[in-house]
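Feature annotation from Swiss-Prot assigns [4Fe-4S] cluster binding site to C562, C571; the stated evidence is sequence analysis. What Swiss-Prot records for H657 is chlorophyll a B1 binding site, and it gives sequence analysis as the kind of evidence. If you look up Swiss-Prot, you'll see M665, Y673 marked as chlorophyll a B3 binding site. The feature phylloquinone binding site is assigned by Swiss-Prot to W674. Annotated transmembrane segment per Swiss-Prot: 46-69, 135-158, 175-199, 273-291, 333-356, 372-398, 420-442, 520-538, 578-599, 646-668, 710-730, in sequence order.
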Amino acid sequence: MATKFPSFSQGLAQDPTTRRIWYGIATAHDFESHDGMTEERLYQKLFSTHFGHLAIIGLWVSGNLFHIAWQGNFEQWVADPLHVRPIAHAIWDPHFGQGAIDAFTQAGASSPVNIAYSGLYHWFYTIGMKTNAELYQGSIFMMILSAWALFAGWLHLQPKFRPSLAWFKNAESRLNHHLAVLFGFSSIAWTGHLVHVAIPEARGQHVGWDNFLNVLPHPAGLGPFFTGNWGVYAENPDSLNQVFGSSEGAGTAILTFLGGFHPQTEALWLTDIAHHHLAIGCIFVIAGHMYRTNFGIGHSIKEILETHNPPKGTPGDLGAGHKGLYDTINNSLHFQLGLALASLGVVTSLVAQHMYSMPSYAFIAKDYTTQAALYTHHQYIAIALMCGAFAHGAIFFIRDYDPEANKDNVLARMLEHKEAIISHLSWVSLFLGFHTLGLYVHNDVVVAFGTPEKQILVEPVFAQFVQAASGKAMYGMDVLLSNASSSASLAAQNIPGEHYWLDAINGNTDVFLPIGPGDFLVHHAIALGLHTTTLILVKGALDARGSKLMPDKKDFGYSFPCDGPGRGGTCDISAWDAFYLAVFWALNTVGWLTFYWHWKHLAIWSGNVAQFNESSTYLMGWFRDYLWLNSSQLINGYNPFGSNNLAVWAWMFLFGHLVWATGFMFLISWRGYWQELIETIVWAHQRSPIANMMGYRDKPVALSIVQARVVGLAHFTVGYVLTYAAFLIASTSGKFG
């Protein structure tokens, strides 16, 4: 007898309605809730999924390498990276006639192709790849790695090779492995690749499988390393007129601290990058050995936390400090996942900021569309990770938190202070919202009445002070690094080696861009969005176990619609609802953030910074001079007279709006509407001559309120992303290629 889906839940499998299908999909990855699940089995399943995840990443990398080698123009691009557009892949079946075929036959190709805005060409080139053959080799290597990861995932599900629960709960050994081996050694290994392959290639010396054993990365060899004379490796760096990829102007240094950028590539010096990875690797190898594993030396994290008690009798007694935290964190996968997601979210946002302001890949700074795409991509990923962090924090409080084990410690005291925390966030959000919007609207009104001189324009003097302290001279503040005789400047001059940082910060680069009143306003708009998103997420987590309105909330789980009639006000207050609302605010915030970044850069790249500076101080300026003005080219990607190479983005722009608007159908009309509609459709089917031949194995029932919301949210999010992605890429590539 065939068992119905889902096999992991007999309760759901026996449900006679379509709820079986939807709840089955919704809980497929909630391993904790599956029938017969033990804690050990849960850890083993999750451990194996990590290998599956690695395999997917490997296949994705392999596919990119393969398609660029097969259908791209990598070798032509390497010969002239500033003028050749990189090709992502061919278009097999171009629609819409000869005009479209002609429009997409671009970048020197003989048939229709897509342009790459991923930055992969720049990355491959920077790390020492120059031929299609090398790309193919990389692709095959990643494919083998993926197959190995899939095998490892399967293997660790077999009875003989399943790790025990004690192995998973050994936090010190896991930290040792992750910090020292995965993070530390891989950073040092990457330094090795940069020193042995990438830096020689950047100086015109090819290093391959045929000669890597007899090409010395440094003329002095390992002598200076063993004699402690490490400074030799920083001597004779590349000169300012070095031609990347050739020996012209090349030095011999491999580990430097030059600062600033290579003048030709406008990217960080490869020798600086190698030095950075070596330092990071050494730090992490040391960090990984701080904790006590099998050898009885080093710290016990539990002992540190148990001992870490605040002094008694201080103003505002701090209770039991960190007592109980070790077991709480070590026994809760949701707590650990929340910490990991929050950390990764912050790092991803930092990656977005650093990729444009201090680019590490050769010539990527001049590929404007790629810069815009990568910044936006990483900020969107960051908000998704951060929302996930708070979601799992809330699930921790519902499923894993033990009030007895955490009595009076920092976690318990945070819950006790939740009213103060939530009300402060509320106050900050209200303050930022009213003041920022008030300034924008005031400026809108006076501009509309023809008196722009009456705008309230605030110079961001504190931010300008930070820029000046870091060496930006244009503000005339003469502080720290922007004052040649200050203690900071004198100390910097005494550090051996070249110093190109001041040239970078005062040159035509993206480090510390000049800022004014428009930046001040949008900075506070973004701050409003961040604080409101945080308010909703923090409130959702802190109230997840219960509130004055619903003290027994934890008994209802993470997501519930309401507690039925007779208990008014219990709708929309589950921890899941907080996550749901926060995602809208997160999208709102990342929208403002990416609008700001993109418009400011469009103005810089086109040599018309006045447009941003003058129009960004009132809302109509944003709507008219950023959104409307930059969508005109995009909307004309195709029209009655034909199409150009923006046609695909024009279509995606429309399609994104459609998906986004569909979200509202689910967000506004609730369960009763859908139930009535479904019953009407079932009635019509049963009375139609052909449709009545189809029977219903499950009785059709409408989505629950929570499900309708998640479907609406998914459409809203996907539509929002598709719409802005199309706008961003088309408006940038339409101007700059």
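Quick reminder: no glycine exception, Cβ is built from N, Cα and C everywhere.
The structure, with features from Swiss-Prot marked on it.
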residue	record	contacts (Cβ under 8 Å, 6+ apart)
C562	[4Fe-4S] cluster binding site	T570, C571, D572, I705
H657	chlorophyll a B1 binding site	G719, T723
M665	chlorophyll a B3 binding site	G712
Y673	chlorophyll a B3 binding site	none
W674	phylloquinone binding site	A702, L703, A708
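Same-chain neighbours of the transmembrane segment (175-199): 126-128, 207, 212, 215, 217-218, 254-255, 270-271, 273-274, 277-278, 280-285, 287-289, 291, 293, 301, counting only residues six or more beyond its ends whose CB sits under 8 Å from a CB of the stretch.
Sequence-distant contacts of the transmembrane segment (520-538), counting only residues of its own chain at least 6 positions beyond either end whose CB sits under 8 Å from a CB of the stretch, comprise 383, 386-387, 390, 421-422, 425-426, 428-429, 432-433, 435-436, 439-440, 458-460, 463, 578-579, 581-582, 585-586, 588-589, 592-593, 595-596, 616-617. With a cut-off of 8 Å between Cβ atoms, the residues of this chain six or more beyond the transmembrane segment (46-69) that come close are 31, 86-89, 116, 118, 120-121, 124, 132-133, 135-136, 138-140, 142-143, 145-147, 149-150, 152-154, 156-157, 163, 168, 333. The number of other CB atoms found within 10 A of the CB of C571 ([4Fe-4S] cluster binding site), across every protein chain shown, is 14.
Proximity of the transmembrane segment (578-599) to the transmembrane segment (273-291) is not established, fewer than 3 Cβ-Cβ distances being under 8 Å for residue pairs spaced 6 or more apart. DSSP classifies M665 (chlorophyll a B3 binding site) as helix under the three-state reduction. Simply put, out of 273-291, 646-668, 710-730, 710-730 has the most Cβ pairs sitting under 8 Å from the transmembrane segment (372-398).
Outside the transmembrane segment (646-668), and at least 6 residues removed from its termini, the chain residues within Cβ reach (under 8 Å) are 96, 100, 103-104, 631, 633-638, 703, 708-709, 711-727, 729-730, 733-734.
Within the same chain, residues 26, 117, 369, 372-373, 376, 380, 580, 583-584, 587, 591, 594, 598, 627, 630-631, 633-634, 637, 646, 649-650, 652-653, 655-667, 703 sit at least 6 positions outside the transmembrane segment (710-730) and bring their C-beta atoms closer than 8 Å to a C-beta of that stretch.
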